[in-house]
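What follows is one structure encoded as structure tokens, with my remarks underneath.
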Amino acid sequence: MLGVNNHGQTIVLACAFLSKETTESFVWMFEEFKKAMLGGEPKTIITDQDAAMAIAISIAFPTTFHRLCIWHITSKFSVKLPRDAYKEYWREFQKAIWDTDNKDEFDAKWNTVVTKAGLTDHPWLSSMFDLRESWVPADARQFFAAGMSSSQRAEGSHGFFKQYISRRNSSMDFIIRFERALSHQREKELVADHVDAFEVAQCLLPMPMNKQMATLYIRKMFQKFEQELIQSTACFLELKTEDACKVVFNVSERKNWETRVAEVVYVKDSDHASCSCKRFEFVGIICKHILALFRRDQIEYMPDKYILKRWKKTAKSGLVSDANGNEIKDCADPGLLIKRSTMSRLASDVVEDALMSEEGCELLSETLKSLQVKLKLLKDGPSNNEVGGSSSQTQYMKDPKRVRCKGRSKGVMGAKEKAMKRGIRHCRECGHIGHDRRQCPALNTP
């Protein structure tokens, strides 16, 4: 089972060996997953159309939204539909699926294109329409899924782990290689943690809200927020209705030579704004339509209710306990980031000082080469045998280099053996074998 960390990176949440893919096996796996993950049931699970897994999810995770992979469904249009109908109406199907913000709009566009294509009685299209709440974005955006609508992260993860493991590995070899791959994956997360802990992203817009989010959000999510903030400058608000409880705005945006209109509802009592695009609910990033409303009301700083801790730099702060209440510590060294930051700053200062002169560059280069050799000796590890009698300087003996076995010694080769090694020779005078030119009968005959 895969998930997404606060940097938007794919991570492994759990894995298991299953002898067969039945409902009972999947239920067992999900129950064990709940024991390990104490945060409750996941909000969303994305799978393909596996019937046994769908039943198991409904049993083990009754409150979890089970979403079907939209890529697996849309890729079947070219196979399930007649060729002419697919070529002529596929673009209209795409617009109905991706360019609608609510259920009624999708239903209307879907029925229109199905009627035009003459596919109202098509069994596969009818079955997909009945399942639209499980895969169509207009129906599924209300559930948080970190912006995912397909299982392509799983496909990418399969390619990543295939670099380390294969079907020919034994069980023990598989575990070792799998742990190595996980270590590589966790190292990327540590590097991202280091960058976000000691660096602040550059702001393209000199606005208080943009600077605020640059200090709070991790780099990748801040870039997404900043794009929404930039696009909000091209949105225009129009008052639709207003009463004592709420205010409704139409937010128009010109995109790809088409005008898209979203509906923003502001509830006065709760001081909360929501949008028909459901981007905040689905991705966790406030959308450009609500940001346009904030700009209209001159709100300079983002309210706390619209800032998800999941995307903050402090997302992993706090204690994590197991079922017995014991604290679970991260497998990574807690001082690794501090050490790396300290050494990085020191190295950066040394390089800046060395660049002031040619002598400094040469001195630093020679020192780094010498240091690299010493670190390599330290990495190889000390030996118990100390070479040399001096106690002030310790030299470590390494393993000898491997050489090819020479085999038995060669004996002295006689004339007959040399001739046999050279092969059978022919007389250059008569061409016969058994003699040479000096013994040739043709030359010795009177």
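Just so it is clear, glycine is given a Cβ too, placed from its N, Cα and C backbone atoms.
Annotated features, as they stand in TrEMBL:
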type	residues	note
COMPBIAS	382-396	compositional bias 'Polar residues'
DOMAIN	263-298	domain 'SWIM-type'
DOMAIN	427-441	domain 'CCHC-type'
REGION	382-401	region 'Disordered'
Residue numbers, six or more beyond the limits of the domain 'SWIM-type' (263-298), whose CB comes under 8 Å of its CB atoms: 101-102, 140-147, 209, 221, 224-225, 228-229, 231-233, 235-237, 240, 244-251, 253, 305-306, 308, 310-311
Tertiary contacts of the domain 'CCHC-type' (427-441), as residues 6+ beyond its ends and Cβ separation under 8 Å: none
Residue counts (helix, strand, coil, in that order) that DSSP gives for the domain 'SWIM-type' (263-298): 13 helix, 9 strand, 14 coil
